[in-house]
C-alpha cells in the first residue's frame, strides 16, 4: 500500500510540474520574468521525484541500501541539493513578491529576465554550498556497522546544525516575515481606498479630453479662466455657465467667446441640425440667437458623418473650435487606475496562493528538520526513534 501511494505521488509530481514548465514556456500570458522562478522550482521538484524518492522508497522497503556505496554518497548529496534548492526557491519567490509590492515602480523596471536568471543561479549555488561539504570532507565516519549496508545522512553535529539552518530554518523565517510584511502593506493599501492610489475624478474633470482624433480634431481647446458649474438639465439639454471665459492667445483670429457656452446633449439624445445642409440665412439666424444653447458639431465632417457615441455620464462642451468631452471617470487616467487595480488584485491572489504553499511546506518539512536537529543538540536523551524519523 505504501509503495502504491508513493508511486502515485511520484507520477503526480512529475506530471504536474511538467505541466507548469510547459505552460510557462508556451503561453504568452505567462512569459513574465518572475515566472522563471516557477520553471526552476518545478525542475527541482521533478529531479526530487525522479532521482531521490524512488531510491528512498527502495531503501525503506528493503531495510538496507541495495545499491553501490558511491551512489549512496552521491544520492545523499543530491537529496540535500534538490530539497534545499526547492526551499530556497520559495524564499526567493517571496522576496520577489515583497519587492514587487513595496517598491513597484523601481523594482518592476529592474525585473528583467537576466536579473531573474542571476537570482535563480544564486539559489542553486546556495543549495550546492550546503550539499557538497559531505562529499568533499567526510570526517570521522567511525567503524562501519556489521550486516547489511546502510545509507544514512551525515551525523556530525556541525553539519547537521549548519545544513538545517541553511536549508530550512533561515529560509522559513525569511518567508514568514516577508509574507507578514506583504499582508500589512496590502491591508494598509485597502484602508486608504482608491483615492490614495490616484482615483479618477480628482484631476480628470479639470482637464477636458478631446472627443475625436485626426486632422479635424480639437487641437488646442479654449482655456477656462474659472471653473464651470452645471446649472441643471432642462428640455433634454444641460446648460453650463461660468463667470469668465477667455480664448487662448495663440490664435488671434478666433472670435471672442460668448458668455453662455453651448452644451451638446448627453448620450442617448439626438443632435439638432446646425452646420451640415444649412443655408447662410439659417446660419445667420442661429448666430443672432446667442442666448439659446446651440448644438455645434466639431467639424462639418463629424456633423455629416455617423453619430459619435459618447460615454454615459459625460457631457460635450461645444466651442468655436470643436467639441470638448467633459468626462466623469473617462480617459487615460481612469483606464490606468483600473489596470492598476486589476494588477493589485492579481498580486494579492498570487500572494495568497503562495502563502498556502508556504503553510503546507512548513507542515511537511518542519517535523523532519526538527527531529534531525535534535540528534545534534542532545544525541543521547533527545534521539527520535528510527521508525518515527
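Here the Cβ of each residue, glycine as well, is placed from N, Cα and C on the backbone.
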Swiss-Prot topology check: residue 32, residue 379 same side of membrane: no
Spatial neighbours of the transmembrane segment (157-180) far in sequence, C-beta under 8 Å, 6+ residues away: 80, 83-84, 87-88, 90-91, 94-95, 97-98, 126-127, 129-131, 133-134, 139, 351, 354-355, 358, 362, 365-366, 369, 372-373, 375-377, 379
Contact check, the transmembrane segment (73-95) vs the transmembrane segment (354-377), 3+ Cβ pairs under 8 Å, seq sep 6+: yes
Nonlocal residues around residue 151 (disulfide bond), in sequence order (Cβ under 8 Å, 6 or more apart): 59, 65, 67, 72, 75, 76
Three-state secondary structure, residue 151 (disulfide bond) (per DSSP): coil
Three-state secondary structure, which DSSP defines for residue 79 (site 'Implicated in ligand binding'): helix
Cβ-Cβ neighbours of residue 72 (disulfide bond) (radius 10 Å): 17
